Each structure stands twice: as C-alpha cells, then as structure tokens.
C-alpha cells in the first residue's frame with residue numbers, strides 16, 4: 001500500500017521539473033493527482049505518463065498570478081473531488097534583472113506575482129477544501145530565500161517571503177490539522193536551469209554545471225525526483241509531527257561558510273570528480 005493511498009493531491013507548476021517529478025511520485029504512492037499549470041500541452045503529457053503507468057491524474061488550466069484563474073481552478077477541484085488532502089504550491093519563475101537600481105519594475109512584479117502571490121492565492125482558495133479533514137501543504141521556496149544571489153533581488157524577495165509565509169500558515173492552521181512546510185531546493189537539473197544558465201550542450205550551460213560541481217559539497221546538481229521524495233515525506237504521515245519547517249535540499253551548499261572558496265581551492269578541485 002502506497003504512502004498516499006486514497007489521498008487527493010493538488011500540484012501547481014507540474015508540467016515540468018520538480019512539479020512533474022512530484023506528480024509522478026505521488027501517483028506511484030497511490031494519490032489521485034490534480035495538476036495545475038499554465039502550459040497545457042506539457043501538463044497533458046504529465047497526465048498521460050501517469051495514467052500509462054497505472055496512476056490517477058487529471059489537469060486543469062491554472063495561472064497562479066491571476067486571482068480569477070485560481071478561483072476557477074479551486075471551483076473545478078471542488079466539483080471534481082469535494083475535498084483535498086495535499087497541496088503542493090510549486091509554480092514559480094526566475095530571471096536575473098541586474099542590481100536593484102537597474103532591476104525592471106515589471107520583472108520584479110512578475111516574479112512576486114507568480115512565486116509569492118501565487119502561493120498565497122492558491123493557499124487562500126484551496127485551504128477551504130482541506131479544513132474538514134486536515135492535510136499537508138508544501139511550498140517550494142529556495143536556498144535563494146535564505147541567502148541572496150547577485151542580480152536576482154525579485155527571486156530572493158519572493159522566495160524569502162514564501163519561507164516566512166509558510167511559518168505563518170503553519171501557525172494559522174495547526175489546530176485545523178493542516179501541516180505547512182516548505183522545501184528549499186538548491187540547483188536542480190530542470191528546464192528552468194536550462195533557461196537561466198543554458199543547456200548541457202551549450203558552452204555557457206556546461207560551464208555553469210562544472211562550477212556547481214565545485215560549489216556543491218556533494219559535487220553535482222540535484223535531480224527533480226530528489227526534491228519529489230522530500231515532498232513525499234512532507235505530504236505523508238511520516239512527517240506527522242513536522243510543521244512550520246523549511247527543508248533545504250541543496251547538496252550541502254548552505255552548510256558551507258564560504259562556497260566561493262571552493263572555486264579557487266585546488267585541493268577541492270582535485271577531489272571533484
């Protein structure tokens with residue numbers, strides 16, 4: 001029997017990357033998976049893959065930055081399922097924009113709208129479907145919410161906000177039997193990384209990945225399924241006494257005092273396979 005047998009799980013941003021991997025893992029563990037994403041074609045591919053593997057999945061269009069879209073999404077889920085047990089707020093965007101005085105206001109607003117406000121909106125309209133039976137909410141934050149990156153003030157602000165919003169929600173809903181936690185991934189091999197840094201086949205992308213091998217104590221980028229299994233822990237009864245927490249899954253980057261030292265330390269380079 002799977003760890004999520006007879007549970008209904010809603011996952012946003014599940015067309016690709018961490019969300020897609022989590023949808024597949026949850027379905028394999030017995031959950032009925034409801035996927036929401038702005039990318040209809042890729043979202044349907046995720047649903048088809050789950051069904052071909054014997055799982056239960058369905059999808060509804062969702063733009064987390066649009067309140068009316070979120071309301072409609074929640075209404076569709078209520079009509080289809082009545083209640084839900086798990087909400088994984090995973091939808092997000094990222095883009096460099098320069099230093100704060102150079103940073104485009106519309107880019108800052110866009111990242112806040114999708115990443116932070118989107119997490120708030122989906123929680124606001126889907127939590128009512130959890131109040132009767134309780135459950136688990138998981139929010140995707142980032143190691144960038146704990147420590148800042150150059151030229152990414154919008155993303156840093158959004159993810160830092162998600163980490164603290166998670167704590168606020170955990171306090172608000174603990175007595176309703178709803179646990180709320182966040183995951184802070186490190187650098188994960190997803191289409192978002194391809195967009196930000198280049199693909200493995202491109203020189204820029206290859207250099208980025210090589211640098212991350214040095215910076216990351218475990219010596220590699222993470223894989224989407226490794227984040228999905230963290231989400232599975234938080235969604236399941238295995239974490240029944242865990243709420244208000246942020247789990248950092250970054251290969252050890254945040255444990256190091258000065259990760260930049262790894263780029264110039266010859267001994268570390270020699271030990272990096």
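Counting begins at 1 with the first residue displayed.
Glycine residues also receive a Cβ, built from the backbone N, Cα and C atoms like all the rest.
Since we're looking at a predicted model, the values are computed, not measured.
Taken verbatim from Swiss-Prot:
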ACT_SITE  155  active site, proton acceptor
BINDING   10-34  NAD(+) binding site
BINDING   142  substrate binding site
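Residue pair the residue listed as 'active site, proton acceptor' / residue 142 (substrate binding site) shows a Cα separation of 9 Å. The candidate set comprises the binding-site residues 10, 14, 18, 34. Of these, 14 has the most other Cβ atoms within 10 Å. DSSP assigns residue 14 (NAD(+) binding site) to coil in the three-state reduction, placing it in neither a helix nor a strand.
Taken residue by residue with DSSP, the residue listed as 'substrate binding site' is part of neither helix nor strand, so it is coil. Counted within 10 Å of its Cβ, the other Cβ atoms near residue 22 (NAD(+) binding site) come to 31, all protein chains included.
Counted within 10 Å of its Cβ, the other Cβ atoms near residue 26 (NAD(+) binding site) come to 31, all protein chains included.
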